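Features reported for this protein in TrEMBL:
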- 1-15: compositional bias 'Polar residues' (COMPBIAS)
- 1-20: region 'Disordered' (REGION)
- 28-396: domain 'Glycoside hydrolase family 42 N-terminal' (DOMAIN)
- ARG125, ASN163, TRP328: substrate binding site (BINDING)
- CYS129, CYS172, CYS174: Zn(2+) binding site (BINDING)
- GLU164: active site, proton donor (ACT_SITE)
- GLU320: active site, nucleophile (ACT_SITE)
- 408-609: domain 'Beta-galactosidase trimerisation' (DOMAIN)
Amino acid sequence: MTDQPSTTDPRQSARSWPDVPGLLYGGDYNPEQWPEEVWAEDARLMQEAGVNVVSLAIFSWALLEPREGTYEWGWLDRVVEVLHGAGIAIDMATATASPPPWFSRAHPESLPVTEDGTRLWWGSRQAYCPSSTSYREAASRLAGAVAERYAAHPAVRMWHINNEYGCHVAHCYCDASAAAFRTWLQARYGDLDALNTAWGTAFWSQRYGDWEEVIPPRASPTWRNPTQQLDWWRFSSDALLELYRAERDAVRAHSDLPITTNFMASRFKPLDYLAWGREVDLVSNDHYVIGEDPAPEVELALSADLTRGLARQAPWLLMENSTSAVNWQPRNLAKTPGQLRRHALSHVARGADGIMFFQWRASRAGAEKYHSGMLPHGGTDTKLWREVVALGAELAGLAEVTGTPVAASVGLLWDYESWWAVELDSHPSQDVTYLAAVRQVYEALWRKGVTVDFVHPEEDLGGYDLLLAPSLYLLTDAGAQALDAHVRTGGCLVVGPFSGIVDENDHIRLGGYPGALREVLGVRVEEFFPFAAGVQHALSEGGSGRTWSELLHLDGAQAVRTWADGPLPGTPAVTRHRHGDGTAWYVATTLDDASLGGVLDDALHEAGVAPAAPVPAGVEVVRRGDRLFVLNHTGEPVTVAGTTVDGGGAAVVQGG
Ligand code: GLA
């Protein structure tokens, strides 16, 4: 390729998946960290490993534009040719993930500010304010320049906008952000009266008389207005989404190739990825297990199923995971034998049509030099390299899985606004948190071999026999009506504690908790009785509850479990309500795992939901297309669906 931009029309038909046959396999490629003579070896080894795609130029801004408006394409042109020569497709990044020092020095107002007013310097990465005009303009310009230069190159098959938006700076509290927040609020509320009503500013003399008085929830003597905080989460997600849109549109002006940006589902709270999922051509996700999680494969599966939900059940791409240890946990555990393979196959089973890693070649310098790569520091005579090569070969043999649907008839209700709202401060108990509630219910089903889809309460719930709402604190009228309709028309619903409590402004629904769900659950709650830290109380039917209890009256429902002791002996802890043609269960505490499993067994039975296959403990099963994926996370051999799988092994069974 020459240094001249191409004059051919790069536009092809719009697509939602890159033109690469079979499952994608590869990783982030950062050739600028290595001398040029290494690149040919990289390409050769990529071929050996079965790599068919790499993400390129994610952090290349400083090299591509060493001075404002001066581009140096030569080195990237040469890398592109090396990859093209080896038949490796390119997921070309816009190189905007981290502005270079010259940019930050020239535009110091673009540096982000924390809630206590500290300005963050350059010297790490991602040091920009999401509402900075100078950053947005510079990033969009570079994105457009990259797209213009490479859109017509046959090796380039998709675009990678920025990188993990919000990873380090999800909220910026500077004056530019304050101005953007006010503009966002004006669009939401129209006038200050509406804002004052929504925010409940009659409380604590908070009434605003002038838009200029409205600021981000900066550090303040005590609890900041909860609705202001909730709107701040909404605004911050939208501010970053606007940045994404600006870059995407700059790329789209030159190319119709698929465009994505990598998400961080499941643990990342600041971005409303359900909204973001509508703005990308294909959903891609980065997932790293927490090594010290007692069951990392459960959290991985949750992330994969959630990502499929963000993709509205379309195939998605695992843009990053690790071959072994990462560098950013307190203790970075290496993957145990078989884990790399099982993790990759679990993602594929749950809808991924590609497995990629951070990064191709483990770095020699910089903050991530202890992060594993596909090609480790030790080179090719290593266990890790052999596993990477074996995985490439195995995935190549699974090409027929691409595009096939994942079987699930249980929907787990997921809502970012509810997550933001339930974890605001000054609540009845800090122990009622979103992910913990979701994880417990999710894990119970994972252990039963039941696959779930993640779905928003206001989206299509029609295909689900059973809906689970482990934590739905904030619920709109439309959401509540959809759940009611699901049950009335014969569906089953299981609701967890502290759900249906507030409306979209975080105002309590009056007349008894859980306001939005009182009727469907057939209960009325007078008062919450959270427990002290670490306390649990017994249930009359056996088992126990922790965290939470409620002074609950039956209003059509029947008691299924009752408190034996604690603050409310004799009152119901779990209820069941026949409503229309269906059934709604209310679990008004955090049950011990076995008791929760029992309640879910009853609900699954009632809803007629069967597992993908009956499984022994520690074995994961998922049905995708005509294959049954069996992942044995135990150390012992198991037999599932007539197939014996070694300890730590996996099998993909046709038919199953
Ligand atoms: C994220 C980033 C990568 C890298 C990895 C390390 O996923 O996108 O650039 O920092 O984390 O785990």
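Cβ atoms are placed via backbone N, Cα and C, with glycine included.
Since we're looking at a predicted model, the values are computed, not measured.
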Residue among binding-site residues CYS129, CYS174, TRP328 with Cα closest to the Cα of GLU320 (active site, nucleophile): TRP328
In sequence order, those recorded positions of ARG125, CYS129, ASN163, CYS172, CYS174, GLU320 whose CB lies under 6 Å from ligand 1: ASN163, GLU320
Residue among active-site residues GLU164, GLU320 with least C-beta crowding, 10 angstrom cut-off: GLU164
Non-site residues, in chain order, whose CB comes within 8 A of the mean position of the CB atoms of ARG125, ASN163, TRP328 at substrate: ALA97, SER98, GLN126, GLU164, CYS167, HIS168, GLU368
Check: same-chain CB within 8 A of Zn(2+) site center, minus CYS129, CYS172, CYS174: SER110, LEU111, PRO112, VAL113, TYR128, PRO130, SER131, SER132, VAL169, TYR173, ALA176, SER177
Proximal but sequence-remote residues of the same chain as CYS129 (Zn(2+) binding site) (Cβ under 8 Å, at least 6 apart): GLU109, SER110, LEU111, PRO112, VAL113, TYR135, VAL169, CYS172, CYS174, ALA176, SER177
Distant-in-sequence Cβ neighbours of ASN163 (substrate binding site), under 8 Å, six or more positions away: ILE58, PHE59, ALA93, ALA97, THR261, ASN262
For the binding-site residues CYS172, CYS174, the one whose C-beta sees the most other C-beta atoms within 10 angstroms: CYS172
Other CB atoms within 10 A, centred on TRP328 (substrate binding site): 10
Around the Cβ of ARG125 (substrate binding site), the count of other Cβ atoms that are within 10 Å: 15
Pairwise CA distance, TRP328 (substrate binding site) versus the residue listed as 'active site, proton donor', rounded so that it is a whole Å: 15
Predicted model, mean pLDDT over the domain 'Beta-galactosidase trimerisation' (408-609): 98
